[in-house]
Amino acid sequence: MGRRIWLMVAPDAGKDDDGRDNFNSRGQYVLCAIGGAVGLGNLLRFPSVVFNNHGLQFFVPYFIALFFIGIPILTLEVVIGQAYRAGCVGAWNSVSHRAKGVGLSMVFNGYTVVTYYVAILAWAMVYFRHSFTSPLPWSDMNAPDFFLNNVVKNPSPIGDKTQEMISYPGTGVVGETLGWAIFTWFVCWLCTFKGVGLTGRAIYVTMALPLVMIALLAIRSLSLPNASDGFKLYLGVWRTESISGPQVWQDSFGQMFFSIGVGFGYFVSYASYASKHSNAVQDAFIIALSNSAIEIISALAVMGVVGFLGLTPSPDERLSTFSSGFFTYPTALAEMPGSNFFSVIFFLTLWLLGVTCVFALFEVMTTMVCDSDWGKKWPRWAIVSVVALVSFLISIVYTSEVGFNLLDAVDTFVNDIALFFTVFTECYFVTTLYRWRDPVDQIGPIGYWTYNGGYLLSNFVGLLIGHLVSPAAGAGAGFGLFIVSAIASVLLSRTPTVTAPRFFAKNAFLSRFWYAAFYCGNQFRRDINHAVLTGKNWKLHWAWPVLLKYITGPAVLLVWTFAYPKFIDNNHYNDPPFLYSFIIMHLVVIFIVTFFIFPRWLNFLIPETRRGDGKFSVMPQVAIGETPIVSRNDEEGFEDRSSASGGVTGMHASGMTQEKSAVY
């Protein structure tokens, strides 16, 4: 009887045909993925950037970023996790054995964030405790002063960073922050130690409850005096001049990354526990659109407060995640009727929204360890316990008297440097390295790498000149170098023996160009559609890999370059936490380059039975699961072997023949 009750509360995970743990339902998987995406950025950062950019017109670049940046990358991460049935390192190893560094960088990003994210939730719980005191303790003082002096308790740095290296006098640990961090890590351990079966059950509470609370806060916010002014700013006034400058585009693209959560690894990890033939593309759209809907609705809870407090956007009055959550909203709570009740609701909502993100980010590291051969020797609860303990020990530094300053620095550059560079390489590697031996076999290595090396170089050269000289000069240099490399590639390539499809089959030059520019991404799409997205599942469209390589990737790389002027202009080189963060976040560049050159160095994270994944036989235009055959009239074709292929796991295609076939 006791075991039956225990299994009702904490059910075991389901098992797929390959023996991997599965979510017990598609709904649990989607909710967990949405829970990873929906966090403090939805309730606090989104309304802040909307406010700073004068409301309504912000949605134009926002929806462009959603459909051209967010959804394409999210789809990639969901697809590779589900297809290859592995965490980040294992999944990217299956794309190409030289792409392991991309997976390790995603783990680095996610784990870096989770170690400081817990401290933010601890601060929210400090406010939660104070919410039971009447009147609210920050009602008698300035809200920023209460946060700095009574919550984070960080002494001001000594020195002027415009003149010299500054120092931080605080060295002690803030006891209450540490206590709430321990509590948050314990809850994380409690909801993840048994696997996705338990996490999928816990998500019904940790995801549903804050949505109810957000609705309650939005209703209360819009009922405040002058709340209509905030709502009018949000959706009622169009300002063409606000959309003409670069700031609104930078903010909207940044919000899309910080909100939807690509590049942190949890979509890959969670998708690896989904059903092998789940509707991955549809799931990606559900996750992305749900995330956007929640943050658009959640913003009402803050914009009503904006009107209530009479705030107007200006260079001197800008909101941020921290100011909205710990300055602006607490100020409004102290002034509204029923302040204690709504303060309890608000800060509990922040904690619940954040803890679902902690589950997701924590799972990234846990999955990587559990997937390895040495990790499989230990039960999951033991691995989760050790990882949680180590994570807590790292988190202690963020609960110290220098914790807020260090957190601000790490948060800045894990996003601006590590995240954006990782996502760019995701887009570039999957469309350039996947089955790259096929186009090299058809057009030769000189032609293939002249194009793709030139394309990569043109992006970096164009952006560098754009920052050093002018945007126009950078664009001219970048496009000029790209055109030269493309022409050189076509001239230096040999004519393929397996012609390109459709339009590109018209002549040899177009066929050469197609192999250099589009083959790898298109073949990845075809393989996934054929081996994973079977039946009535939504298919990956031919335009998707083109979008990843030529629009999404360059846009991400552009945003990445903004980190360097920011570092110099703000004199961060004289601020120890920022200098440390700026240096350490370049580890992702080292990971990706080093393990591209020496991929075997990460084999200890790959099960021995799967170390051959990502090494494909030369089979131009033959999808995984298709075997070339020769018909009676000697015309090559193929037969469908997907039903016997066991899906796409182990897509090194070692069992395929070396014959070539034209498949359209």
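Cβ atoms here come from the backbone N, Cα and C positions, even for glycine.
Per TrEMBL, the stretch carrying the note transmembrane segment among 448-466, 505-523 is 448-466. Under the criterion of 3 or more C-beta pairs below 8 Å, with sequence separation of 6 or more, the transmembrane segment (101-128) and the transmembrane segment (378-397) qualify as touching.
Highlighted: of the candidate stretches 177-196, 253-273, 285-311, 448-466, 472-492, 253-273 has the greatest count of Cβ pairs under 8 Å to the transmembrane segment (59-80). The list of residues near the transmembrane segment (472-492) in space but at least 6 beyond its ends in sequence, with Cβ under 8 angstroms from a Cβ of it, reads 444, 446-448, 450-451, 453-455, 457-459, 461-466, 509, 512-513, 516-517. Within the same chain, the transmembrane segment (177-196) stays apart from the transmembrane segment (546-565): fewer than three Cβ pairs sit under 8 Å, each pair at least 6 residues apart. For the transmembrane segment (577-598), the residues of the chain that approach it from at least six positions outside its boundaries are 98-102, 104-105, 108-109, 168, 402, 405-406, 408-410, 412-414, 417-418, 421-422, 425, 567, 570, judged by C-beta separation under 8 angstroms. Under 8 Å from some Cβ of the transmembrane segment (253-273) lie the Cβ atoms of residues 13, 20-23, 29, 32-33, 36-37, 39, 41-42, 45-46, 49, 61-62, 65-66, 69-70, 73-74, 77-82, 84-88, 91, 103, 106-107, 109-110, 113, 196, 280, 283, 287-288, 291-292, 295, 357, 360-361, 363-364, 367-368, 415, 419-420, 422-423, 426, 555, 559, all in the same chain and six or more residues away from its ends.
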